[in-house]
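Chemist: Before I ask anything, here is the structure I am working with.
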Amino acid sequence: MANSDEIHYDLVEDDEFDIVNIVVEGLDETSIHSPPPSVSAATHGGVKNPSFSQRRTSGRHDFQKWLHEELGKYPAKTHAQKVVEELDAPKSGLIYLRGFNEPLYPYSDQGPPFRQQRHFFYLSGADFPGCAVTYDIPRQHLIVWIRRNDPRLSLWYGTTPSIEEVKSKSDVSDVRYIDDVTKYLHANLTPDTTLFLLHPDQTPKLEPPSLNLRHRFKGPKIDTTSLLPAIEAARVIKTPHEISLIRRAVALTSLAHRMVLQRIKHLSNEREAHAVFEGFCISQGAPRQSYAVIAASGANASTLHYEANDQPLEGKQTMLLDAGCEWGCYASDVTRTFPLKGKWTKEGEEIYKVVERMQRETIDAIRPGRLYYKLHLVACLVAVEELMKLGILHNGTRTEILAKGTVAAFFPHGLGHHVGLEVHDVSGRERLLLSSSSSSGLSRQAISGSRRLPPPRNMKREQVTPEDLAAMYREAMMDTAGDEVEQSAVAPPPPYRGRQRLKENMVVTVEPGIYFHRPYIQSFFLSNPDHAKYINTKVLDRYWDVGGVRIEDCILVTKDGYENLTTAPKGKEALKIINAGIPGFPCDGKA
């Protein structure tokens, strides 16, 4: 089938399975193994959407067949080779990583669900506890080391994957029992070998003490500083296998968002929206979320990482649903904002259209070579223009207000981040937007009375303060060459240090938002004459009840442009689904 990479589908209602029935264009038995379908997926940059002469209805079975199809072995050896390229390793070297063990809460025999160390998984594909991995650089020999199955433990917890099962799922040179890893290290580490570790604490200890690696090797022979940046740099550009897993995570997440839209008129509390989303993901084989679900109604939507999800929906205008499941340890990240009753208030619709334009214009600008921070500035410029039209911002030109950073009162976070094994994935040797030392920002300094506050919990988006935004603007004004031309290596002044360019096969989010968080705006903008003069409080008073609007999609950077992987309904399509609704409650036997 020509252009089988692009399969488009829409969900249709059926008496039995309303949520997962799919109208598929061009899907037949030969195309079921093609890259994942996408609802109205946007692909731009010289790639034409295919047209198909045949359409047929396909139900739950076909979607699940595609979702669960075998993708081949996890490319662990390819990943190891990518790491070595970034490592610039000597001819004689060996990489050694330990995976995680089962976690326990302090002073308890219980613990959270197991979650594998992501750098370890990248080099092994082993998503279970008690493992290690070694990579002999000159021999290109990758070994995963696993525990033996203990019948006493299997009685309680079941068996862990066998040597044969690990070999069948991961492209590795060998799989062995971890009992023998010490013997292997002793045999393969010579005075000429450099042992690469993530951290000094991971230095293996050999017995007797005279064989301890800390004793045998000194100085540069144990390298605990080079491996971490090398792995993080390698993870930035995704392999085709990784992209396939992210596609599935985003596709399932998009269906779960649609599920919530279909049910929302029948729900009465934020927790029910949370339950519908997460329950659908679990039912389709995705028990883990990439991050804690945010189901924020009304003013709660102005809290960026709202966690309670326990407030009644009665009397609220909108819901902001930020949720994404994992698939095969790879994350998704999608946000939709919608009116709970299927019809916007005047103020809510106005703000939604602002954010809609912010996202549309930034996504349309994505292509390889683009400086990501300039996309953030595009979103900010659109926000300034639109908020001036509404009268919320005034008393200055758009350039003046942007240069002051005042729009950060309403758009206080970064445009997006990488997505991969983590929802806020590593960015390599360059920051996508901000340096880690600057991500905590402005007014945190004022809040705490000290230079910085500790990093917040569950932080998956970076704060952008007026100072940060002003620094980005100054940098852009000095950056006279085109986006695709490499600039001087001289770092811009603090706090802004992010100069990462988009490259093919990066996956990033684009998640602009406008928020009306009263304590933040009043404390750090309306009380500051430098910003207060640009904010019309009489007009602003009409918008507090909107809370916040955010729209977030996962974007794959392609050779000539981008592909929007996210197919969750938004805009008019979302309103249509809300108002069509479904009869009954989600547990009535449907979906």
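Glycine is treated like the rest: Cβ placed from N, Cα and C.
From Swiss-Prot, for reference:
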- Asp322, Asp333, Glu552: Mn(2+) 2 binding site (BINDING)
- Asp333, Glu511, Glu552: Mn(2+) 1 binding site (BINDING)
- 441-450: compositional bias 'Low complexity' (COMPBIAS)
- 31-59: region 'Disordered' (REGION)
- 441-460: region 'Disordered' (REGION)
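Provide an account of the burial state, proximal residues and distances for the features listed.
Modeler: DSSP assigns Asp333 (Mn(2+) 2 binding site) to coil, not to a helix or a strand. Here the Cβ of Asp333 (Mn(2+) 2 binding site) has 29 other Cβ atoms within 10 Å, regardless of which shown protein chain they belong to.
DSSP assigns Glu552 (Mn(2+) 2 binding site) to a strand in the three-state reduction. Taking a C-beta cut-off of under 8 Å and a sequence gap of six or more, Glu552 (Mn(2+) 2 binding site) has these contacts in its own chain: Asp322, Asp333, Val334, Thr335, Arg336, Gly416, Thr509, Val510, Glu511, Thr566.
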Chemist: Would you list, in sequence order, the residues of this chain other than Asp322, Asp333, Glu552 that have their CB within 8 A of the centroid of the site's CB atoms, where the site is the one recorded for Mn(2+) 2?
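Modeler: My list of surrounding residues reads Ala323, Gly324, Val334, Thr335, Thr509, Glu511, Arg550.
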